[in-house]
Every structure is written in C-alpha cells, then in structure tokens.
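See below for the structure under consideration.
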Amino acid sequence: MSGAEGNTNKRTFRAVFRTLIILITLTILALSAAILYEVTHTSNGSESNNQVFDPTDTLNAITGNIKSMIALLNQILYNAAIALPLKIDSTESVLLAAIKDLQFSNPASQNCSSGGNLLNDALYINGINQYLLSNSFAGTVGLGPLLNIPSFIPSATAPGGCTRIPSFSLTKTHWCYSHNVILAGCADSKASNQYLAMGIVEQSSADFPFFRTMRTLYLSDGINRKSCSIVAIPGGCALYCYVATKTEQEDYAATTPSELRLTFYYYNETLVERTLTIPNVTGNWATLNPAVGSGVYHLGYLAFPVYGGLIQNSAAWNSQFGSYFLPQNPAVQCSGSAEQQINTAKGSYVVNWFSGRLIQSAVLVCPLSDQLTDQCRVVLFNNSETMMGAEGRLYTIGGDLYYYQRSSSWWTASLLYKINTDFSQGLPPLIEAQWVPTYLVPRPGAQPCSAGNFCPANCITGVYADVWPMNNPFPAGSSGVNPNYLFGGAFLWADVARVNPTFYMASATQYKNTTGFPNSNQKAAYTSTTCFQNTGSKKIYCLFIIEMGSSLMGEFQIVPFLREVIIT
C-alpha cells in the first residue's frame, strides 16, 4: 500500500468513525428523551389514581439504561480506536508478505510495472518511516558496532574517478538510490554520468538487514545531470536533476534557469524522462537546483526539496525580501544590539558571491499520475520560519512531514523543521515550517561561520549532514517541544575542515552517544541517515551513507554503514 493510499484510508476511516459516534450519541439522546417521556406519562397517570409518586424507581431505570448504553459506547470506541487499527496493520503485513511469497502480480498499473518482486521483507515493512521510540522514552541509546553488509553503492574504479552527492529514499515497499559519477576529478562542473538503483531490504542469515539491489540504471548519454534528488514511488523511482552547462557562480548570475529534468524508472525497466517547464520559475529564479536529499511521495504528489537564487525585484523576491528567521541559542550571548542582529539576519539571505541573489528554499510539487510534469509548481518556504536557502531533504515519518535544511548560513547546528502545511487541500501559496530546536551537531565551515557560531553573519559555507528523528518532537496535545526528543545521524566533527566523520545519537542539548573512526583526520563530506525497525525482533537500525575520502580510487568514495541502535 502506498503512503498516499494509506493516508486516504486513514482519513476515510476517521470520517466513518466520527459519523458513527455522532449517530450513537443522537440515538442515546433520543432514547433518553423517549424514556423520560414514558416515565413522566406513566407517573401522571399514577398520580391521578393513587396521588402518590416515588421518583426513585424512575431514576434508577433511566440510570441503568444510560449505563448500559455507555458501556456499549466504550466497547465501540475501544474496537474502533485500538483493536481495529491494530488488526488492519496486522492484516496489511500478512497480505504484503503473501504477495512477496507469490512473486507475481497482474501488470494493472499505468506503467505496467509488476510490484510483486519489489517488496521489502515483511519484518521491516511496518518499521519504515515510523517513529521508532516512544515520546516518553527516558532510557539510554547507543550505537552497536558496524555490521558487515554487502555495499549496494558502486565506487570509482580509476584513480581519477569520483562518486559524489548520494540521495537515498526508503518506503514500505522498496528503496531508491542515486549518485553522480564524475569522470575526472570531483569538481561540480565536470562532465558526469548518473547512477540509479532500486532494491529491497532483506533479512540476512546473520539476523540483521541488508540492501538487495534489484535494478540499476546508468545514465550515460552526454547530459551532465547534477545535484539530483530521488524519490521512491509506486513501482519504481523518480529522479529530479538540473543540467549543468556552466559553473555555479555563472548559474546564479544568469536570468534563465538551467534545464531541469525529471526521470521515471520502473521495476519493469520502463524509462520515461521529461524536461520540466514550470510556470512560476521563469522571471523569478536565476537558478533552481534540486537539493540533493531525497524527496517524498505524499498524497499523490511528488515533492522534491529545491533551492536557488531569486532575481532582484521579481515577484518572488518581493514576497520574501526582508523576511528573516532568527533562532537563538540560550547558551550563547551575541554581541551587538537586537536591532543590529535583526538587520544582519535579514541580510544573510542575499549573497554577493552569487550576484546578489536572494538564496531561497522551496519545494517542487508534481502530481504523479501519468507523469503530468506540465502541472509541476514551485512553492516557497516562508523565510520568517526558515534559514537562507540550501540543500535539504524531505521526510514522511509517522504520517508527519519534515524538512532538513543544510546549515549553509550562520547557524551551525543541525536544522530540522516540521512542515505544518496541509497538502490535501491543494497547493498552498507558502510552506509553513516549525523549527525543531536543537543546539548540537555543528558542521565545519569557513570563518566567521565555523562550527560553534550561533550569531547572525553573512555566510555561505558548511556541508550536508541530514538527521533522523527517533521520536516526535511535537507530540499531539503538547504545548511545546518534547523534552525526550532524540535524533541521530552522522556529521563531521571539526571546526573548519571536512574531516572526522562521527556517528551519534543526541537530544537537543546533549550527545547520548558518539562513535568515530580511529583517524580523526579522515577526510569526508556529505552524510545521509535513514533509520528503521525490525518489527519482529524490535531491533532498530540506522543506515549512514557517507562520502569518505579516498587515497586510492578517486577523491571520494560513497560508503553505506549499518549500525544497530542499542536501547537500554
């Protein structure tokens, strides 16, 4: 079942449930009124004959009827709110496991893609894209040793080769992965090809998961795709890239964005590629780049994180210019007046290095059906709630939508936001985001925005290092941030240089566990983390994908690391 279908079923179930409760309540009221009328009518007759009336028996009768109705209502509530959802989840797992065992299905989907083979092990289906710890969790978390899994990520095979910019998306059914293959050196503007793979999570005989590759695609057609972002969709993968023909600085200086491409690759090896023409891009954006991290398939839409430069005095520029987000670290006192800090924060969105463009984050939203890419739209984040535009990632966890934003500006700690926009009501004018306060996991960067800086400045630096929420930072009914909120990932624990990749589990203010490599000078770059659970054994695992510096084959090699999260 896709994420969109699951959400639709849940909304339908809630609507039926609410209607049922209203009908039961009205029935109780009607019965109570009828009983009261009958009792009153009977009592009037008795008074006329006997002139004596004792209301105790009447009240006892009414109370007994109401108690029995309340007991029935409580049973209905329990069955509808607890027992039935658990039964549905159990039935879903059984059905998906049965489909996997049969290993075939009718090619009834529009892309004729058989879905029977492309299905994760039943042990993991319901442990993917879920909160993995309770909101009240007060135990300890650690990370086990590295688990020896076969790598699903190919590396460079020549000293001058390079693999960069990994993007990984995992859903209940399968995973999708992509990276850039640079033929000579690691410069972003160099000619390159794009590698794409899809596969499933399986259980190994050693009692931990591994990632089995089912299909691969090597896009080697002379088109220089860059900064690609991937999404796992029903039956396959969707890949969004921009086509690089000049340097990054030249892109921002231009007034027409580079070509954008959306590629669909299905399990039956159907390949469809579209060139995007987006109505609200030309005239507003100098350049519009995929944000590297994976997107999501949400409520029938493909949603990719994007960022780029808004042209001065364009409609989009005017709607965002002057807006600013100013998070504060309670442990850090910044110099200057509040007004000076506000003015600096406002100015941090406009970068002279990039021709004075306003660097903006946004989401590219496309309906998936029939690959209707002419209906794609770009929706801006509200800059009063997010930092300067940067690379990022979208997640769906426990039905909630999240956005990781690379800390490319002056705030050096990790940046995660909960998206509060309801896409079921159509595309919004702006995306509303709620910052998840955290003050740890800094990234290295150039001065004055090296690791540990929390005061406004004008910078564009840092490195991509997304995070994974282990439980809900904003539980339902809570008025603030969950004090037990935990998250995990991998980051480069250094002030300036891109070195010392380190695995961690942390709260907003405290590292719960950190584990690095023997050599703290180990070169590294981008890191991406995805955590999931074996619902049979209840064991939690995190997959850390890290660009590791290489002295043998190319400047960087992308390596997948798997660790168990140890709960005590």
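Glycine is no exception: its Cβ is also placed from the backbone N, Cα and C atoms.
Among C449, C455, the cysteine that Swiss-Prot records as disulfide-bonded to C459 is C449. Swiss-Prot names the disulfide partner of C228 among C237, C241 as C241. Checked against N280 (N-linked glycosylation site) by C-alpha proximity, the glycosylation sites N268, N382, N513 yield N382 as the nearest. For the region 'Involved in neuraminidase activity' (224-229), the DSSP-based tally of helix, strand and coil residues reads 0 helix, 5 strand, 1 coil. Here the Cα atom of N513 (N-linked glycosylation site) is found 34 Å from that of N382 (N-linked glycosylation site). Spatially close to N382 (N-linked glycosylation site) yet at least six residues away along the chain are S323, L430, I431, E432, A433, judged by Cβ distances under 8 angstroms.
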